[in-house]
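Got a structure for you, questions after.
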Amino acid sequence: MKILVCISNVPDTTSKINFTDGDTKFDTNGVQFVINPNDEFGLTRAMWFKEKQGATVHIATVGEASVEPTMRKALAIGADEAIRINTAPTDGFFVAEQLANVIKDGAYDLVIAGRESIDYNGGMVPGILATLLGMNFVNTCISLEIEGSTATAIREIDGGKETVQTSLPLVIGGQKGLVQESDLKIPNMRGIMMARKKTLTVVEPVDAIIATKDAKFDKPVAKGSVKLVNSADELVDLLHNEAKVI
Amino acid sequence: MSVLVYTESENGKFKKSAFEVASYAKAVADQLGASVTAISFNADDSEQLGTYGVSKVLNVTDDKLGTFNALAYANSIEQAAKKENAQVIIVSSSTNSKFLAPILAAKLKAGYVPNVVAAPESTSPFSVKRTAFSNKGFAHTEITTETKIIGVSNNAFGVKENQTTAIVEAFNADLNDADFSVKSIEIDKVAGQVTIADAEIVVSGGRGLKGPENWRMVEELAEVLGAATACSKPVSDMGWRPHGEHVGQTGKPVAANLYIAIGISGAIQHLAGVSSSKTKVVINSDPEAPFFKAADYGIVGDAFEVVPKLIEKLKEFKAQNA
Ligand SMILES: Cc1cc2nc3c(=O)[nH]c(=O)nc-3n(C[C@H](O)[C@H](O)[C@H](O)COP(=O)(O)OP(=O)(O)OC[C@H]3O[C@@H](n4cnc5c(N)ncnc54)[C@H](O)[C@@H]3O)c2cc1C
Ligand SMILES: Nc1ncnc2c1ncn2[C@@H]1O[C@H](COP(=O)(O)O)[C@@H](O)[C@H]1O
C-alpha cells in the first residue's frame, strides 16, 4: 500500500495572531510553525500502516522553501519521502489541484489529509482533491482500518459516530481519534539524522483555479472585563435580564 | 437566477440550522435581486420554509437517501443547482454540510467559504466575513468563481422570518451505484440529544471536575437549560467523556449563544474553539484562571458547590417563566 499524507504547515496552537501590510497578510514574525495537528494524527496512523502492514509513506506539502523544516519533522517521525510543491498555498481549491496532480502521478492507494488546517480553517482540500481524482472520500475520520482494498472507517457526526465501508483508492480528512494522543511521536535524534538524508523532491506547480482570496483580516474586538458574581441567583438574573440568553 | 440553500432535516423534521441558512439565503437573494430555492431530502412539511423567505422547495424523496451520503447528496445538489441556474449555494456548518460542500465545490468549480458570520459585505466583488485562525481572527474573503458556496457559521446570522409562499416540487437527481461507494454500516448516536453543533447553549466540563463520576451535575445543568454537553481535551483524552464532546482548536468549534465552562482553565487552544460563542460563563475555583479574561460572567468558587446551586436556581427560574 502506498500512502500519501498531506501536511499543512501551520502556526503553533499557542501563537498570537497578528496581521501586517494594512491587515492584508498574516504576520509570521516570531511565529513557530508546526505540522497541522489533524495531519499529525493522520501521519501517526500512517506510521502504524507502515509498521504493521508494510505501507510506504510519502508526505506532500504545497508551500515555499520555508515549509521544509516542518516537512523534515514529518520525515523524522518516519515518513519515507517528501514532495514539496513549490508555490504559496493561497487558496484551498488551488492547493487541492496541486496535490491532485502529485497524487495522480504517484498512484497512491490512500491519501490522508486533515479535517482542516488550524490556520485558515478551510476544511476543503481533502474533499476537493478526492472529487478531482474520483477517489472515495471520508471526512472527520476518527478510525481507519484497511484489509486488502477494503477500508472501514469511523467518522464523527454531530452527536455521535458513523461506521462506513468503502474501497481504495481513498482520501480521508482525519482528526484526533485516528490514533491515541499517547501514540504521537516526538522525533528522536536518530529520526532527525535520518530525515536529513531522505529524499525531498521539489516539483513546480501546475496552472489551477484560484477560487477565493482573503482580501483583509481583522481581530475580534477586545472583550470588556469579566463581571464576577457571587451567587447563582445573581448569575441567573444576569443571564436572563442582561445577556438575554435564557 | 436563484440562490440555492441546502436545508437539513432529521427523521423528516427540519433542523433549526435549516431555518437559519434559509434566512441567510433570503438575505443574499435580496442583495442579488434573486429568489431562494431550497433543496431538502426526505423532509416533511417543506412548505414551512416559506416562513423564512424560500419561494421554491425541491423536495427529494428517496429511500436510498434516508441516511446521509456525502457524494450522493452533493450530486443531487449539483443537479439542482444546474437546474435552478443557482449562482450562490448556501449550506450550514454541520459536520455533514462540511463533508459535502468541498465535493460540491469541486464539481461546480466553485469557491467555497466556510464559517461565514454575516451576510455578504458586497456582491461585486463577492465578499464575505468569516472566522479564521480558529476564531482568533476574521478574514474578509472574496469569492472569484462564477458559482459560490457559502457555509454559514451556526447561530451567527440567526433565524429571520420573511413570510413567502413556498411552492414544493418533487425533485429526483440521477444517481448511480458509484455515488454510494461509501456505505453506511452503523450509526451510533443517542436519539433526541441536543448536539454541540445545533445547541444554543453548551455546558462544558474540564479537568477541574476530577473524574467521570462527577459529570452527573454537568448533565443535569445541561438538561435544565436544554443544552448540549461538552468537555476540554484532556477530559476526552482520559476517556472521562466521549471524543465527540471535545471542543476547542483541535476539537469541535462551539458557536453557541451561551457557553458555560466549569473547571476549565482556559488554555489558548480551548478558547480558540469556543470564543465565537456570544456569552461565556466561567465557574472556576482559581481566580487567576486565564478563562476569566475571556469570559463575560464568572463565579470564583468550587464547582461542587456552585453547580448544584445553579441547577436549583435555574429550576426555580424555569418554573416561574414556563
Ligand atoms: C496541539 C494542542 C492542541 C490542543 N487542543 C485543545 C483543544 O482543542 N481543546 C482543549 O480544551 N484543549 C486543547 N489543548 C490542551 C490545552 O492546552 C489544555 O491543556 C487544556 O485545555 C486544559 O484542560 P482543562 O482546562 O480541563 O484542565 P486544566 O488546565 O487542568 O484546568 C482545570 C481547571 O479546573 C479548575 N478547578 C480545579 N478544581 C476545581 C473545582 N473544584 N471547582 C472549580 N474549578 C476547579 C482549576 O483551577 C483549573 O483552572 C491542546 C493542546 C495542544 C498542545
Ligand atoms: N499547503 C498544503 N500542503 C499540503 N497539504 C495541505 C495544505 N493545505 C491543506 N492541506 C491538507 O488539507 C487538510 C485540510 O486543510 P484546509 O482545507 O486548508 O483546511 C490539511 O489538514 C492538510 O492535510
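Cβ atoms are placed via backbone N, Cα and C, with glycine included.
Here's the feature list from TrEMBL:
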| type | residues | note |
| --- | --- | --- |
| DOMAIN | B:3-189 | domain 'Electron transfer flavoprotein alpha/beta-subunit N-terminal' |
| BINDING | B:Arg207, B:Gly263, B:Ile264, B:Ser265, B:Gly266, B:Ala267, B:Ile268, B:Gln269, B:His270, B:Asn284 | FAD binding site |
Can you tell me the mean pLDDT for the domain 'Electron transfer flavoprotein alpha/beta-subunit N-terminal' (B:3-189)?
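On average, pLDDT over the domain 'Electron transfer flavoprotein alpha/beta-subunit N-terminal' (B:3-189) sits at 97.
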Say we define neighbours as other CB atoms within 10 Å of the CB. Which of the binding-site residues B:Ile264, B:Ile268 has the fewest?
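If we count Cβ atoms within 10 Å for the binding-site residues B:Ile264, B:Ile268, the smallest count is at B:Ile268.
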My list of binding-site residues is B:Arg207, B:Ile264, B:Gly266, B:Ile268, B:His270; which of them have a Cβ under 8 Å from any chain A Cβ, in sequence order?
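Sorted by position along the sequence, the hits are B:Ile268.
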Helix, strand or coil at B:Ile264 (FAD binding site), per DSSP?
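In the DSSP reduction, B:Ile264 (FAD binding site) maps to coil.
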As a check: which entries in B:Arg207, B:Ile268, B:His270, the binding-site residues, place their Cβ less than 6 Å from an atom of ligand 1?
B:Arg207, B:His270
In the three-state scheme derived from DSSP, which category covers B:His270 (FAD binding site)?
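Note: B:His270 (FAD binding site) is helical by DSSP.
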State, in Å as a whole number, the widest CA to CA span among the FAD-binding residues B:Arg207, B:Gly263, B:Ile264, B:Ser265, B:Gly266, B:Ala267, B:Ile268, B:Gln269, B:His270, B:Asn284 given in the record.
18
Tell me the coarse DSSP state (helix, strand, coil) of B:Arg207 (FAD binding site).
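DSSP call for B:Arg207 (FAD binding site): helix.
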